[in-house]
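A.B. asks: Before I ask anything, let me first share the structure, which is written out below as structure tokens.
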Amino acid sequence: MAWGNFSRVTEFILLGLSDTRELQVLFFTIFFLAYTMVLLGNLLIIVTVRTDPKLSSPMYFLLCNLSFIDICCTSVTAPRMLVDLLSQRKAILFEGCIAQLFFLHFVGSSEMFLLTVMAYDRYTAICKPLHYTAIMNRWACWVLVCSCWAGGFLHSITQTLLTIQLPFCGPNKIDNYFCDVQPVIRLACTDIYVIEWLMASNSGLISLGCFLVLVTSYTLILVSIRGRLTQGHWKALSTCGSHVVVVTLFFVPCIFIYLRPFRTFPFDKYVCVIYTIFSPVMNPLIYTLRNNEVKESIWRL
């Protein structure tokens, strides 16, 4: 049958995390508190960094951008999920589903690239301290951040274009609480063998590649300061340790989800909660509780 003879699906039904009313109320309470923490915590970091002249180093400039991306990333999925948890019918229009897919991958991949840039910043500060101000100057920071957003856009527009050209004519139930590439393309009325490989090569390899770059950066830092740990190095290691926690929470679930073509598990949607909700919650907690300069600035503010 030709693609043109298909009746186009106009909406998708999101099955969510559970169909039990008691669990839905419990999830609503947990995720509402988590989303509130994401908004308040990351906004507090942004305001603190922007208003305190002492927090003008490249590390805090990148941290401010990370907080902004975390707010955007969580806001793509959390508000819709909270509304659906209290709704009987969890329907989303086809256009809204594609828009959610686009913005999720846009800000999500931008965050991956930004975390990689932050690791490079720490590597430069610890391993090349004499050249740090020359390498990570204000212009270089802006170029790196803009490159992260540009890379995120190119990744997301590729995913979106591969998705919207597929025919959707039959099943419209998505076993998740948001529209993502894998569950959406599996509803297409055509063979998606090539598409799934392209998706895994795009999202999966980006996640894995950025993670390997991050691991390499921290390995080089440890090798560089081995045997000459001073108080300054201990402080730098503490910052890097916090960064490693954020990286692990964010990248490991992404690699698990996106580097698996042709295979899904029922618990995939629960794994997605880690990098869409809980990882953005951890960022303000880790970067404030583990950083005395930020804590002092917040108290002054």
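Placement of Cβ uses the backbone N, Cα and C atoms for every residue, glycine included.
Because TrEMBL annotations are produced automatically, they should be read as predictions rather than curated entries.
As annotated in TrEMBL:
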- 41-287: domain 'G-protein coupled receptors family 1 profile' (DOMAIN)
- 25-47: transmembrane segment (TRANSMEM)
- 59-78: transmembrane segment (TRANSMEM)
- 98-118: transmembrane segment (TRANSMEM)
- 139-158: transmembrane segment (TRANSMEM)
- 205-225: transmembrane segment (TRANSMEM)
- 237-258: transmembrane segment (TRANSMEM)
- 270-289: transmembrane segment (TRANSMEM)
A.B. asks: Give residue numbers and ranges for long-range contacts of the transmembrane segment (59-78): same chain, 6 or more residues beyond its ends, CB-CB under 8 A.
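C.D. replies: That would be 31, 34-35, 38-39, 41-43, 45-46, 49-50, 100, 103-104, 107-108, 110-111, 114-115, 117-118, 121-122, 125, 141, 144-145, 148, 177-178, 239, 276-277, 279-280, 283-284, 287, 294.
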A.B. asks: Against which stretches of its own chain does the transmembrane segment (270-289) lie, if we need a Cβ under 8 Å and a gap of at least six residues from its ends?
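C.D. replies: Same-chain contacts beyond the flanks: 17, 31, 34-35, 37-38, 41-42, 44-45, 63, 66-67, 70-71, 73-74, 76-78, 104, 108, 176-178, 180, 242, 245-246, 249-250, 253-254, 256-257, 295, 298.
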A.B. asks: Determine the mean pLDDT over the domain 'G-protein coupled receptors family 1 profile' (41-287), rounding to the nearest whole number.
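C.D. replies: Averaged over the domain 'G-protein coupled receptors family 1 profile' (41-287), per-residue pLDDT gives 86.
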